[in-house]
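Data first, discussion second: the structure below is written as structure tokens.
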Amino acid sequence: MAGYVVVGTQWGDEGKGKIIDVLSEKADYVVRFQGGNNAGHTVVVDGEKFILQLLPSGVLQAGTCVIGPGVVIDPKVFLDEIDRIEKRGAKTDHVIISDRAHVIMPYHIEMDKIRESVEDRIKIGTTKKGIGPCYADKISRDGIRMSDLLDLKQFEEKLRYNLKEKNEIFTKIYGLEPLDFDTIFEEYKGYAEKIKHRIVDTIPMVNKALDENKLVLFEGAQAMMLDINYGTYPYVTSSSPTLGGVTTGAGISPRKIDKGIGVMKAYTTRVGEGPFVTEIKGEFGDKIRGIGGEYGAVTGRPRRCGWLDLVVGRYATEINGLTDIVMTKIDVLSGLGKLKICTAYEIDGVIHEYVPADTKSLDRAIPIYEELDGWDEDITQIKKYEDLPVNCRKYLERVQEILGCPISVVSVGPDRSQNIHIREI
């Protein structure tokens, strides 16, 4: 069997979409295992950019694309995305949805907006797309699943029950107008009609493929430091984008995972609120943002930029049991002069080589840096590792040494062809 998992090792936006697109050329299945439409991933094919939110990055390849049980789905967003890429010539008949995946409802989106606007509440920087409230209903056993859309009587009962409770909250606590049952029911009845042919039990299908030694690629959204358990809580997402999340989010045994592939940007970025120890503020941070095009694929929000944080990198490598690292955007560092990598934090006089659980302590953390010589050459057209500038290779080798995990692929540009394969994945 060949189960490959691709995860982000930082705070997202590492370039997972591009790498998954490349790897999926040989994949029989590409399986999305968590998250929703709260993150965009970008795939560039022959200079043409595709921005995806719900669909797996492998949708532009021939393998079956699975939206797994651990994903939460806004049917409107799903259908809009299908329509958008079909209009650009892509086929989508190979896209299927797990009948166990949960459905984002209008009251989830409304609740998300309310919670983010409450004055005394910590501002997480949510995308306000209903992801968190949908997962909350899932955990409290009040969720509506894709299988419910195949049984309209059951869907009607669950919607009526949930809407009564949610409208009590909207009207009595927040003084808002109630949401209308008939409007929502008819809207989602229409969605059900359009997507019912895609809703299947994906678990036996994916496991059978693995048992037959087919290549199955598991794709996570967001990244390690946004994980609900191991990220910079509470500035995290509502699911587990780690390798461990694959087993519950796709319905497979951990014994069926052969490779853990961590995607790591050559510097660090973060969107929204939360601690960021290696953040570079001011003109130099703006320069990196400009060169790297560090703006949200969907929201357009500027990303915070900083030096490569290998405290985070080590943490991600260990927890995910990574076998390979894909280093992206190394080309952005060309011409920046001296480069820094963070190897430890100093917090209240104590050296930390691991990410502490106390998020507030990270606000006091002082990064301990190693400084390396940079390079000035344009490396975007280089195809062989040995052709990279000496200092670029030294940078990569030092990162690899600190992580204790091989860098197998280096990305030197946004197009799927701009990769240097050091060792086969």
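Cβ atoms are placed via backbone N, Cα and C, with glycine included.
The shown structure was predicted, so the numbers you read here are calculated from the model rather than taken from an experiment.
Per Swiss-Prot, the IMP site holds ASP13, GLU14, GLY15, LYS16, ASN38, ALA39, GLY40, HIS41, THR127, ARG141, GLN222, ARG301; the candidate it also names there, chosen from THR237, THR317, is THR237. Sequence-distant neighbours of VAL412 (GTP binding site): residues of the same chain at least 6 apart with a C-beta under 8 Å from its C-beta are ILE330, ASP331, ILE379, THR380, GLN381, ILE382, GLN418, ASN419, ILE420. Taking the Cβ of HIS41 (active site, proton donor) as centre and 10 Å as the limit, one finds 26 other Cβ atoms among all the protein chains shown.
Using Cα positions, the member of the binding-site residues GLY12, ASP13, GLY15, LYS18, GLY300 nearest to THR127 (IMP binding site) is identified as GLY300. When the Cα atoms are compared, THR42 (GTP binding site) and THR299 (substrate binding site) turn out to be 13 Å apart.
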